[in-house]
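Visitor: Pulled these from Swiss-Prot:
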DISULFID  58-290  disulfide bond
DISULFID  71-83  disulfide bond
DISULFID  106-151  disulfide bond
DISULFID  294-318  disulfide bond
DISULFID  490-494  disulfide bond
SIGNAL    1-16  signal peptide
TOPO_DOM  17-531  topological domain 'Extracellular'
TRANSMEM  532-552  transmembrane segment
């Protein structure tokens, strides 16, 4: 009995000095996905997908957009009378056009290479409108009667402001030969057109000459147009049609016009005074009197996140577009508070845990650390070195992902005419395919980074445990739950030496050896006592059973219930 009491006293003495390795835990409910698991609760996580916008059109870095309201790009450039507010526009950051603007080509027809012109505008930030052929210079032609009820202004017939519809004068239409030399230092956007009458009567009524042509030439352009006279259904009250053309006239280049009828001459041209990143957005939004660094057709984005899922077409300093609904990066550890007894799935290294069943909510100044207990008390202490290394390792995680995904696929809002719908459909499928691949790669990268982060934390905890184990060696006992019981007295100074890696093993080895041997001896003597008692108990039980059997036999023989025969 004395031996058993000594054993209990010794065990309680050793348990009083103990050090444990653990990790931070908190009340977080944030969850992330990894390659191996879904919905892993972590102490800290960072959402890297922007889902919100303000629903407004804003200035981009202080520069207002050109919002065309009910006017199309064609209506603005040609000068639809209903678009007079855009006769002179200041510098713009981007252009906004509605999906189906009411004020387009008021006189029915089409704009040649319109989509290519829009693409050109996506690299321009400012036009300066200049007069190249004054309307008053057409002395041999009627430059005032070329108006139409299809282009009304203040209740009267009118026409596009930037071009002149030339009509015969005094029953004659002399052949036109005009040139304009671009003496500016900037490129010049020049517009002109041709009228296609409804019938021969309209042709001679307007131009006198039954057979006409228009020739246009520059150093890079050689064009000859003839009117196509045909009966057509009326559009905007007109059976005739107009076709408009454009070219970019380089500095010191000249454009030459020659025509004997059906000519819609340029009066104004656009000097391209500033080039830069721009775009034409299809949007029904109104101006919001706000400023942003990133604009989409759905609204402005003000975010520092690296990804967004709002719209593939953006302008400015924008996050990268993905089709994902959720992208969350793990920046902390698996969150398994100590009070939670349900076993969690283990990481690759099995540290958080495998042998450590829960985190410490009491340790708030670091990710990994120690809990000690001795005669002087107990407490938590973070391991600042390993924590700082871990913080350094995850601080730049978002930038690392951006660098790995540094090839942004740009969804360009291309437009195609009716003859190119098949190309448009193919282009859309290609863009959708690129975005699908881009999104998949992003999601996969996040899953891999999350797996790597959690395994990184697991590894750090295991490394800290091994650091203590290698110092203590046989001076302490591993308890299997992340804790060590000392075989010697370990005051606060001793505990601190374990934490900072300066533990003096030889200093405590003799005391530890004696206590370890004493505990082992008590266990062995106790085991011998238990063996003697066990043998005695077995013999006594067998003897008692034999006496009972013999007594029962004698009693049965005496009353005749049992016959006993002894043969010699």
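Cβ atoms are placed via backbone N, Cα and C, with glycine included.
Quantities reported herein were computed from a predicted structural model and do not represent experimental measurements.
Give me the local environment of each listed feature.
Guide: Taking Cβ-Cβ distances under 8 Å and a sequence gap of 6 or more within the same chain, the neighbours of residue 58 (disulfide bond) are 65, 287, 288, 290, 291, 292, 295, 300. In the three-state DSSP assignment, the secondary structure recorded for residue 58 (disulfide bond) is strand.
Listed in sequence order, the residues of the same chain lying 6 or more apart from residue 71 (disulfide bond) and placing their CB within less than 8 Å of its CB are 80, 82, 83, 86, 97, 101, 103, 104. Classification of residue 71 (disulfide bond) by DSSP places it within a strand.
Within 10 Å of the C-beta atom of residue 106 (disulfide bond) sit 26 other C-beta atoms, taking all shown protein chains into account. Reduced to three states, the DSSP call for residue 106 (disulfide bond) is coil.
Taking all protein chains in view, 21 other C-beta atoms sit within 10 angstroms of the C-beta of residue 294 (disulfide bond).
For the recorded site, residue 490 (disulfide bond), the DSSP three-state label reads coil.
As a whole-number mean, the pLDDT of the topological domain 'Extracellular' (17-531) in this prediction is 88.
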Visitor: Per residue, counting other C-beta atoms within 10 angstroms of the C-beta, which of the disulfide-bonded residues 83, 290, 490 reaches the highest number?
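Guide: Answer by Cβ density within 10 Å: 490.
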Visitor: Please report the Cα separation of residue 490 (disulfide bond) and residue 318 (disulfide bond) in Å, rounded to an integer.
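Guide: Taking the Cα atoms only, residue 490 (disulfide bond) lies 58 Å from residue 318 (disulfide bond).
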Visitor: In the structure shown, with every protein chain counted, which of the disulfide-bonded residues 151, 318, 494 has the densest set of Cβ atoms within 10 angstroms of its Cβ?
Guide: 151
Visitor: Can you tell me whether DSSP puts residue 151 (disulfide bond) in helix, strand or coil?
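Guide: Strand, per DSSP.
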Visitor: Take the C-alpha atoms of residue 494 (disulfide bond) and residue 106 (disulfide bond) and report the distance between them in angstrom, rounded.
Guide: 92
